[in-house]
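Taken from TrEMBL as is:
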type     : residues : note
DOMAIN   : 28-477   : domain 'Major facilitator superfamily (MFS) profile'
TRANSMEM : 21-41    : transmembrane segment
TRANSMEM : 82-100   : transmembrane segment
TRANSMEM : 112-131  : transmembrane segment
TRANSMEM : 137-159  : transmembrane segment
TRANSMEM : 171-189  : transmembrane segment
TRANSMEM : 201-223  : transmembrane segment
TRANSMEM : 285-309  : transmembrane segment
TRANSMEM : 321-343  : transmembrane segment
TRANSMEM : 350-372  : transmembrane segment
TRANSMEM : 384-405  : transmembrane segment
TRANSMEM : 426-446  : transmembrane segment
TRANSMEM : 452-473  : transmembrane segment
Amino acid sequence: MAGGGFGAPTGSGGVAFEAKITPIVIISCIMAATGGLMFGYDVGVSGGVTSMDPFLKKFFPVVYRKKNLPAKNNYCQYDNQGLQLFTSSLYLAALIATFFASYTTRRLGRRLTMLIAGFFFILGVVFNTAAQDLAMLIVGRILLGCGVGFANQAVPLFLSEIAPTQIRGGLNILFQLNVTMGILFANLVNYGTNKIKGGWGWRLSLGLAGIPACLLTLGALIVTDTPNSLVERGRLEEGKAVLRRIRGTDNIEPEFLELVEASRVAKLVQHPFRNLLKSRNRPQLVIAIALQVFQQSTGINAIMFYAPVLFSTLGFGGNASLYSAVITGAVNVLSTVVSIYSVDKVGRRLLLLEAGVQMFFSQVIIAIILGLKVKDHSNDLGHGYAIFVVIMVCTFVSSFAWSWGPLGWLIPSETFPLETRSAGQSVTVCVNMLFTFVIGQAFLSMLCHFKYGIFLFFSGWVFIMSLFVVFLLPETKGVPIEEMTDRVWKQHWFWKRYMNDDDYVDGIEVNAIKEAQKNGKSNSTAPAP
């Protein structure tokens with residue numbers, strides 16, 4: 001059942017693992033990436049419903065009254081900690097849930113962890129849709145956050161492990177594409193439900209999140225677990241059978257042997273979180289953490305969370321602000337498609353650097369326009385300038401969508417060795433959720449105090465992170481996951497100093513492990529469990 005026949009340049013000593021683009025790989029990746037659809041819908045829907053008067057009147061009457069004052073402050077009308085908690089509580093819950101998800105991903109597998117995420121999503125949707133008070137609303141958001149924690153832990157690992165090396169980047173970015181599609185879907189829904197008479201449109205907006213929640217649950221029931229996960233849990237024959245199915249060839253012995261050897265090393269590691277701090281794992285850990293901090297410091301989630309609120313602040317009417325959010329959501333989706341096409345062709349670094357320039361200048365221009373035209377109690381933006389601001393926001397969103405958005409997840413998921421991969425992904429998700437929570441909880445207050453300077457604040461971070469890419473981020477395009485240490489980290493001008501072959505993993509010398517692996521490969525024709 002092969003859909004193509006690319007050879008992946010993988011394996012030790014330059015040996016290529018034979019792999020085809022099989023239908024089961026494509027279907028599995030599409031189904032798994034629906035976790036991103038749910039995540040994106042949650043990001044997009046919150047900003048829309050918080051701009052709806054019936055929702056504000058029921059749950060946040062203080063904000064409703066402030067919004068409708070004749071002499072309202074343009075930058076401060078939505079500054080309310082409770083309103084920000086509604087949005088950001090999801091990410092605090094995700095932060096905590098990811099530690100439990102690390103255990104289930106390692107012990108129970110990627111597939112079952114995605115199934116757990118689906119159940120959390122469904123429960124959260126039920127609570128949010130039926131909410132009668134703020135407490136019930138927050139409980140729903142917390143349950144959704146647990147789903148995000150489990151999904152963001154399992155899905156990127158699943159996608160990286162099941163995909164052939166030559167298209168690993170593109171298939172992994174399906175997760176981010178679904179995030180952007182979820183945001184666009186939420187913006188379209190909000191635009192429609194805002195027109196519903198009777199003040200219940202926000203319930204429909206929150207309730208339709210059940211569609212991606214059910215898709216993820218169904219997908220987790222259909223897909224098979226990854227060969228890496230099955231081998232890691234000692235199910236060697238099953239792992240071998242799955243590897244044969246997803247690669248579309250019987251010549252899978254070299255890749256399977258490498259999986260078994262990587263798993264053997266992983267089993268020697270009893271404390272994966274502790275071993276993340278070892279010298280040889282420090283480059284991956286530092287880069288994973290830095291990418292998550294930088295991804296949120298671009299300001300993208302502030303714009304995505306609060307796009308309708310932001311546009312309303314800038315003087316757009318209720319429907320106009322939601323319409324503008326739909327436009328930015330569509331740009332987000334289309335630009336992510338660009339990333340899928342280009343990430344395995346031009347590489348990770350070039351996309352990140354080009355986007356850094358584009359994001360920096362678009363945010364500086366927005367800050368200048370707002371500084372000149374939008375004051376605390378007056379708005380002289382005008383139709384032409386308003387359209388130009390939307391264009392600049394779209395320019396910013398597009399550059400993020402083909403760079404820091406998908407690559408912030410892709411690069412950490414493909415760089416950690418198997419023995420620390422689950423723990424590394426857990427730290428990645430945790431840091432991402434922590435800074436997403438911080439930005440979500442603080443943005444409306446920052447907008448109130450910084451005013452137009454908020455865009456200068458984020459552009460400063462874009463400049464810093466671009467320098468980080470120039471000097472410290474190596475290229476990982478086309479490198480097999482299990483060969484990152486030898487072909488990437490040991491070759492990098494800075495990180496190679498941490499690749500000490502005399503390092504120890506849980507008290508076991510790495511050189512001794514490698515020698516045992518070499519002897520095992522040469523002395524046996526079949527892998528041992």
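Placed from the backbone N, Cα and C atoms, the Cβ positions cover glycine too.
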Is the count of Cβ pairs under 8 Å between the transmembrane segment (201-223) and the transmembrane segment (21-41), pairs 6 or more apart in sequence, 3 or more? yes
Residue numbers, six or more beyond the limits of the transmembrane segment (82-100), whose CB comes under 8 Å of its CB atoms: 42, 46-47, 50, 59-60, 62-63, 120, 134, 137-138, 141-150, 152-153, 305-306, 426, 429-430, 433-434, 436-438, 440-445
Close approaches to the transmembrane segment (21-41) from elsewhere in its chain (Cβ under 8 angstroms; 6 or more beyond its ends): 1-6, 114, 117, 121, 147-148, 151-152, 154-155, 158-159, 162-164, 167, 171, 174-186, 208-209, 212-213, 215-216, 218-220, 222-224, 245-248
With Cβ-Cβ distances below 8 Å as the criterion, list the same-chain residues six or more beyond the ends of the transmembrane segment (171-189) that contact it, or say none. 25-26, 29-30, 32-45, 48, 155-156, 159-160, 162-163, 204-205, 208, 212, 304, 307-308, 322, 325-326, 328-330, 332-333, 335-337, 339-340, 343, 401, 405-406, 409-410, 413-414
Taking a Cβ cut-off under 8 Å, which residues six or more beyond the ends of the transmembrane segment (137-159) line up next to it in the same chain? 28-29, 32-33, 35-36, 38-39, 42, 59, 85-87, 89-98, 100-102, 104-105, 110-111, 113-114, 116-121, 123-129, 131, 168, 171-172, 174-175, 206, 209, 213, 216, 223, 226, 409-410, 412-413, 421-422, 425-426, 429, 432-433
List, by number or range, the same-chain residues at least 6 past the transmembrane segment (112-131) whose CB is under 8 A from its CB atoms? 32, 35, 38, 59, 97, 101, 104-105, 137, 139-151, 153-155, 158, 203, 206-207, 209-210, 212-214, 216-221, 223, 225
At least three Cβ pairs under 8 Å linking the transmembrane segment (452-473) and the transmembrane segment (350-372), pairs spaced 6 or more in sequence? yes
Per-residue pLDDT averaged over the domain 'Major facilitator superfamily (MFS) profile' (28-477) comes to what? 85
